[in-house]
Amino acid sequence: MNTSGRLSPRLAEAGQERDPASRATKSSYGSPNDSAVWLKPSRLSLEGESSRLTDIWQSSHDMSSSFSRMVDVSSSFSKIVDLDALEGTSDGQMVRAVSAASLVSEKSLMLADGDTVPLSPSNLKAFHHIPDSVWVMCLISMLCQFSQTLSEFVTWFVLETRGWTKDYTPMYYGACIAIMTLFPVLMNPIWGHFSERYGVRNVIRVALMLSAVGIAIMAFTSEAALYPLGILLESSQGVRPLRTAYIAVVTHPSVRTQAMAFQNLFTDSMRIVAILVTKVWDLLGPTPDEPWVLLGVELDTHALSLLTAWTANILNVGILTFFFQEVSEEKKLLRQNSPTAHVELTRLIYVDLGNGGHQPVDSRMYANSMLCIFSLVCLLHQMSCGFFFVCNMPVLAKHFQLQGDAIQDAKLFQDLLPMPAPLLVAYLSKHMQDRTLLVIGFCISGIGMAIFALPPTDHVLRPIFGLMLINWSQAFFYTTMFSLFSKIMGPMSTGYRLALMASAAGLGTSIGTFVSSAAEYYGTFTFCLGVVPSALAMVIMAGPWFYPYLQPDHPVTRTILEHWRHECKYKRPARFSNVSGGGG
C-alpha cells in the first residue's frame with residue numbers, strides 16, 4: 001500500500017506502539033509534541049509498497065484481515081492511477097491524496113478528512129487540470145503589469161514636462177527610479193507575512209487600493225515632494241510573488257510549471273501593450289502645452305496615461321472583490337489548505353534509507369536550507385542579469401554610437417522576440433523536469449552573456465542578440481525556479497518564503513545596476529567578469545553532488561514532503577517543536 005506516512009492515524013499509531021525501535025514515541029499523527037518520527041520514503045509503485053508494508057508490520061502484530069483487503073485494492077488501483085499524482089481540482093473541489101488517504105473500494109478513495117472521491121475518468125482528468133481561478137489570477141496579473149508599466153514608463157516624461165528635473169537635480173529622477181526598484185524588494189516579505197495571516201486575495205486587494213491612491217497622486221499633484229510619495233504607493237502593486245504563491249497552492253504539480261509559464265506570458269506581454277497605449281495617447285491626446293480641462297483639472301497625454309493605469313487598478317479591485325470570488329469554487333478548501341510557515345513541525349525525522357540504515361533529518365534546518373539555497377541562486381543569477389541590463393543602453397549609445405530611433409528599434413527587438421519564451425517553457429514542462437528546464441535557462445543565459453561580452457565586439461548585433469537571449473532565459477529561470485521550490489517545499493512554500501526569493505532576485509538585479517560604470521570596459525575580458533555570479537548559480541543548481549535534495553523525487557525529499565503535508569493538515573498553527581517537544 002504505502003509507508004506509514006500514508007496509513008491512517010489509527011493504523012500508524014498501532015504499529016509504532018509495537019515497534020521497540022521507536023523508543024515509545026508515536027508517529028507524527030499522534031501528539032503534536034512528538035520528538036521524532038519514523039517515516040519510509042514514498043514509492044511510485046503501490047504494488048511495491050504493499051509488499052514492503054507487509055514485511056514491516058507482520059513482525060509487529062497480526063493485521064492480516066484488514067491489511068490484506070487494502071493490498072488487494074491497492075494492487076488493482078495501482079494499474080489505474082498513482083496516489084502521489086492524485087492532487088488537483090475536480091468540479092471546483094480540491095482533490096488531494098494526502099498522507100493519510102486510504103482506499104475504501106476499487107472505485108473510490110477516502111481522503112483523510114473523510115471525503116470519498118469516485119475514481120471516475122473525469123476525476124482523474126481533473127487531477128491534471130488548471131483551475132479556472134488560475135486563469136482569473138493571470139488576468140489580474142496582466143492588469144497589474146499593464147498599470148505598473150504605464151506608471152513607470154511615463155515617469156521621466158512627467159518629471160521633464162513639469163520641470164522638476166531642471167528645477168532640482170538629476171538625482172531627483174534617480175531617487176524616483178530607486179523607489180520603484182527597491183521598495184518592492186523591501187515590501188515583498190512584508191506582503192508575504194500578511195498573506196499568511198489575512199489571505200492572498202485580501203493582501204493583493206489592499207495593495208491595489210494603495211497603488212490606486214499613489215497613481216492618483218502622480219497624475220494630479222503639482223508638488224515635486226509629493227510625486228515620490230505617489231511612486232512609493234504605486235509600487236505596492238508589485239505583489240507578483242503572492243500571485244505565484246496562489247497558483248502554487250491550487251494547481252497540481254504536473255501542471256504547475258505550465259500555469260506559472262502562462263502567467264509569465266500574459267504578464268510580460270502587457271509591457272508592450274502598455275507602451276503602445278502611451279503612443280496612442282501621444283497621437284490622440286492633448287499636448288502638455290494645450291491640456292484638456294475637466295472639472296478644473298488639467299489633463300495632458302501623460303496624465304491620461306496615468307488615469308488609464310488607475311482605471312486598470314480599480315478594475316482589478318472589482319475582479320478580486322466580485323468576479324474572482326464567484327469563479328473560485330476552491331475558496332473554502334484554499335483557506336483550509338493554504339500553506340503556512342507557522343505550523344508546528346516535528347523537528348527530527350528519521351528516514352529509512354531502505355538498506356537497513358536511518359538518516360536523521362532536522363525539518364527546520366531542511367526548510368531554512370532550501371530557502372537559503374534558492375534565494376542565493378536568485379541573488380547570484382540576477383546580479384549578472386542586472387549587470388547586462390544596465391550596461392545595454394550605454395554600450396549601444398557610446399560604444400556603437402546608436403542614437404534616437406536606432407536605439408528604440410534595438411530595444412524593441414530585445415523585448416519583443418523573447419515574448420513567446422513562456423509558451424516554450426509550458427510545452428517543454430510536459431516532457432522535462434523543472435530542474436532540467438532551469439539548467440537550460442542557465443545555458444541560454446550564459447550563451448547570451450558570452451555573445452554580449454566576449455571580444456572582439458565589432459558588430460552592434462552582438463549586444464542586441466546577446467541581451468535578447470538573456471531575456472529569453474528569464475522566462476525559464478523565473479517559471480521553473482518558483483515551480484521547483486514549491487514542489488520541493490510543498491506546504492512550506494508559503495507566500496512569505498516565495499516573497500523572500502523574489503526579494504533576493506530583485507536585490508540581485510539592483511546590485512547589478514549599481515555597476516553601470518563597468519560599461520566603459522566593454523570589449524575587454526574585465527567586462528566578462530559579470531558572468532561569474534550566474535555561473536556560480538548554475539553550479540549550485542546543476543550539480544547533484546552539491547546538494548542532492550534539490551529535486552522533488554529524491555527519497556528523503558518525498559518523505560519529508562509527505563510528513564509536512566500531513567502535519568499541516570492536522571496540527572494547529574504554531575512554531576517548530578524541539579526534539580524534546582517544547583517550542584522552537
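Easy rule for this one: first residue shown is 1, then count along the chain.
Each residue, glycine too, has its Cβ placed from N, Cα and C.
Heads up, TrEMBL stuff is auto-annotated, nobody curated it.
The feature compositional bias 'Polar residues' is assigned by TrEMBL to 24-34. TrEMBL lists 1-34 with the feature region 'Disordered'. Look at TrEMBL and you will find 134-159, 171-191, 203-227, 303-324, 436-454, 460-484, 496-515, 521-547 tagged as transmembrane segment.
Segment contact holds for the transmembrane segment (203-227) and the transmembrane segment (134-159), given three or more CB pairs below 8 angstroms at sequence separation of 6 or more.
The transmembrane segment (303-324) makes contact with the transmembrane segment (134-159), as judged by at least three Cβ pairs under 8 Å among residues 6 or more apart in sequence. Counted as Cβ pairs under 8 Å, contacts with the transmembrane segment (460-484) are highest for 436-454 among 134-159, 171-191, 436-454, 496-515. Between the transmembrane segment (521-547) and the stretches 171-191, 436-454, 496-515, it is 436-454 that has the most C-beta pairs under 8 angstroms.
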